[in-house]
Amino acid sequence: MEGLTSEQMVAFQEAFLLFDKNGDGCITLEELAAVTRSLGLEPTDQELNDMMREVDTDGNGIIDFQEFLSLIARKMKDGDGDEELKEAFEVLDKDQNGFISPTELRTVMTNLGEKMTDEEVEQMIREADTDGDGQVNYDEFVIMMKNAERKISG
């Protein structure tokens, strides 16, 4: 999507991959059910179907990455994105120390099939790192994502 930084795309892709269990680039109803249940939620079949219909804008029965991005932008715009932001941060913060380090970012990018130089990783961190400590804390992540939401929604 236009206006997204590399960091924002990484965060969204990582979240998408959590849902896309078989790695085919699409989220099926079954994958949506599995992930929501793994988060401790127990949606009914009707609730799952409603969620799928809300996101699956082209009606083909699966959620692709663009539809997923649209959902995230909508959720953030609706003001209920705080929980989603927290979850996305936790996905990227592999060691759960409250920071996204260059090593964690490199690991995520590698898992997404992106080979990055140390300089590219450092640049991504620098763009979001407002306090200059060399890593991204949750507050910096929230600012970065809110800025992305404004760019997405215009």
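Note: Cβ is positioned from N, Cα and C throughout, glycine not excepted.
In sequence order, E31 are the residues near N22 (Ca(2+) 1 binding site), counting only same-chain partners six or more apart with C-beta under 8 A. What Swiss-Prot lists as Ca(2+) 1 binding site is D20, N22, D24, C26, E31.
If you look up Swiss-Prot, you'll see D56, D58, N60, E67 marked as Ca(2+) 2 binding site, on the strength of sequence analysis. Under the DSSP three-state reduction, E67 (Ca(2+) 2 binding site) is assigned to helix.
According to DSSP, N97 (Ca(2+) 3 binding site) is assigned to coil rather than to any helix or strand. Proximity of N97 (Ca(2+) 3 binding site) to non-local residues of its own chain (separation of 6 or more, Cβ distance below 8 Å) is seen for none. Sequence annotations record features per position, and here Swiss-Prot assigns Ca(2+) 3 binding site to D93, D95, N97, E104.
Under the heading Ca(2+) 4 binding site, Swiss-Prot lists D129, D131, D133, Q135, E140. Neighbours of Q135 (Ca(2+) 4 binding site), defined as other CB atoms within 10 A of its CB across all chains, total 19.
Per Swiss-Prot, the feature domain 'EF-hand 1' maps to 7-42. Remote same-chain residues near the domain 'EF-hand 1' (7-42) are listed as 48-49, 51-52, 61-65, 68-69, 72, 84, 87-89, 91-92, 105, 108-109, 111-112, 124, 127-128, 136, 141, 144-145, 148 (criterion: CB distance under 8 Å, separation of at least six residues from the stretch ends).
Positions annotated as domain 'EF-hand 2' by Swiss-Prot: 43-78.
Among the features that Swiss-Prot reports, domain 'EF-hand 3' is placed at 80-115, with the record citing sequence analysis.
Annotation comment: Swiss-Prot describes 116-151 as domain 'EF-hand 4', evidence class sequence analysis.
For K115, the entry in Swiss-Prot reads N6,N6,N6-trimethyllysine, with the evidence type similarity to another entry. According to DSSP, K115 (N6,N6,N6-trimethyllysine) is assigned to coil rather than to any helix or strand.
Over the domain 'EF-hand 2' (43-78), the average per-residue pLDDT in this prediction is 81.
Closest in space to D24 (Ca(2+) 1 binding site), of the recorded positions given as D93, K115, D129, D131, D133, is K115, taking the CA atom of each residue. Taking the mean position of the Cβ atoms of D93, D95, N97, E104 as the Ca(2+) 3 site, the remaining same-chain residues with a Cβ inside 8 Å of that point are L92, K94, Q96, G98, F99, I100, S101. Taking the Cβ of D58 (Ca(2+) 2 binding site) as centre and 10 Å as the limit, one finds 10 other Cβ atoms among all the protein chains shown.
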